[in-house]
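Taken verbatim from Swiss-Prot:
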- TYR106: active site, O-(5'-phospho-DNA)-tyrosine intermediate (ACT_SITE)
- GLU202, ASP254: Mg(2+) binding site (BINDING)
- 11-149: domain 'Topo IIA-type catalytic' (DOMAIN)
Amino acid sequence: MEGEKGSKTRKGDALAREKLLEIAEKIYNQFEEEVVPSVSLPSRTKANLEYSDESDVWVYGDRESERSAKTVKGAFQLLKTTYATDFLINEHLARNRGSTLRELYYISEGWDYAKFKEQGESDRLIEDLEILTSLQREYFHMRPEEDGATMFGPIEITEQTKRGERNIHCQKDVGEGGYQIPFNVENIEFQKHDASMIIAIETGGMYARLMENGFDEAYNAILVHLKGQPARSTRRIIKRMNEELGIPVAVFTDGDPWSYRIYASVAYGAIKSAHLSEFMATPAAKFLGLQPSDIVEYELSTDKLTEQDVSALRSELSDPRFESDYWKEQIQLQLDIGKKAEQQAFAGKGLDFVTEVYLPNRLKEMGMI
């Protein structure tokens, strides 16, 4: 097993090196041919999202933006691209090392004119390299700053670590917080499970409530804490459990426009990382709630929508990820009532209400129980 893992890692490193060298070679050849160096990338805007019938997720369309040395800004971007490419090849891949996104920003301080002005700039460059190579950043040994979230439920896994294999049952062998999802979930193998569903939960409070109330045992549910906008590793493990094990997924968030985007990132992918949608998005994931109609039906405690909330909801009406009749009706209802609610609002009906009344009713309505 360890030999297979090592061989797979070496093949991945060789592929990443080959793809990164192709970028450098293209720029070098443009110089040789006395052509102004440039690279083209998909435009990362909402207007350039297209639905892929093949994969059922939203991906980038044909609109492109050019990074060209014709301008000073473009020349600096290409310079930084070559420095980063050289660093990833010679420091990460050649020496089997890795860095966080934050570390890369600080490492660039030694790159003279290629130094990044802010971390957002270095983050975007790594995303550019993902697009240009058609590889995920993990192939370059780049690690995110944030941890993956946690999960708790009836599934047994094997995780490959630097210290060998770990066999873990995600109910019996973990503490109250659950199993910590690693940043590279390709190191996980699923062994066996008794799960009938996955509930991906936005807030830590609701995740803890479902665990305390025994919802995982009562409904054979794998509970996944999204920790707000989910990390890549969280989205990836949800997709893998859905596709490889056939476990249906429901996403349970707060009832506001920002939370609907959390659902969209799980189901369809995020706008800024649409190049990874086919790898991370779970188009079969269903939106459980909290729905605007739930606010009305259960007379939940609410807050008034802010101007930013209203603007975000109106923006979602033109977002291709929310173009279904269901979403248009729910968003319009929320605009009409002018209210939003948190998951924890169900506590106003009693600590057991969400697990004994709301979730069973909603899951039956969705055909999941």
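Glycine too: its Cβ is placed from the backbone N, Cα and C atoms.
Sparsest Cβ environment among the binding-site residues GLU202, ASP254 (other Cβ atoms counted within 10 Å): ASP254. Put simply, TYR106 (active site, O-(5'-phospho-DNA)-tyrosine intermediate) is 32 Å from GLU202 (Mg(2+) binding site) when counted between their Cα atoms. If you measure from the Cα atom of TYR106 (active site, O-(5'-phospho-DNA)-tyrosine intermediate) to that of ASP254 (Mg(2+) binding site), you get 36 Å.
Reduced to three states, the DSSP call for ASP254 (Mg(2+) binding site) is coil. The DSSP breakdown of the domain 'Topo IIA-type catalytic' (11-149), given as helix, strand and coil counts, is 79 helix, 22 strand, 38 coil.
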